[in-house]
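Asks: Input: one structure, supplied below.
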């Protein structure tokens with residue numbers, strides 16, 4: 001089973017940015033953790049990151065053309081306003097789980113709404129990097 005993990009804006013700053021919210025592990029440590037756990041689950045996991053909305057949309061399109069079985073996406077701040085990412089996810093019809101390291105519902109009011117989550121089979125929020133592992137398990141069980 002082939003899974004694409006897409007990380008949006010500022011996630012490359014993990015370990016630097018607001019450690020009390022996002023944790024002390026740097027981006028590469030989190031990616032290594034995701035890949036190791038994916039391998040344990042018998043998944044082929046490829047990870048991508050961009051601060052640019054159009055590149056994120058291209059990753060989603062590529063997931064379709066490269067025949068990925070599932071997508072895990074942390075759209076970062078695009079969560080709250082990117083209709084374009086929502087449309088891309090709806091357009092490819094690949095089972096997708098939205099992940100957030102922090103609990104977006106316990107943060108600033110503007111972070112409470114996700115416009116991208118309705119295009120996903122589920123949302124995992126507030127479990128740190130373990131949320132990606134939860135998402136991989138969810139996809140593995142959903143896709144079978």
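In case you wondered, yes, glycine gets a Cβ from its N, Cα and C as well.
Values in this document were obtained by computation on a predicted structure and should not be read as measured data.
Copied straight from Swiss-Prot:
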type     : residues                  : note
SITE     : 17                        : site 'Transition state stabilizer'
ACT_SITE : 22                        : active site, proton acceptor
BINDING  : 74, 80, 87, 101, 102, 111 : substrate binding site
ACT_SITE : 100                       : active site, proton donor
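Show me how these features fit into the shown structure, please.
Replies: For residue 17 (site 'Transition state stabilizer'), the same-chain residues 6+ apart in sequence whose C-beta sits under 8 angstroms from its C-beta are 10. In three-state terms derived from DSSP, residue 17 (site 'Transition state stabilizer') belongs to neither a helical nor a strand segment and is classed as coil.
All chains included, 21 other C-beta atoms sit within 10 angstroms of the C-beta of residue 22 (active site, proton acceptor). Taken residue by residue with DSSP, residue 22 (active site, proton acceptor) is part of a helix.
Cβ neighbours within 10 Å of residue 74 (substrate binding site), excluding its own Cβ and spanning all shown chains: 24.
Neighbour count (other Cβ atoms within 10 Å of the Cβ, all protein chains): 23 for residue 100 (active site, proton donor).
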Asks: Using a Cβ-Cβ cut-off under 8 angstroms and a sequence gap of six or more, which residues of the chain neighbour residue 102 (substrate binding site)?
Replies: 21, 22, 125, 126
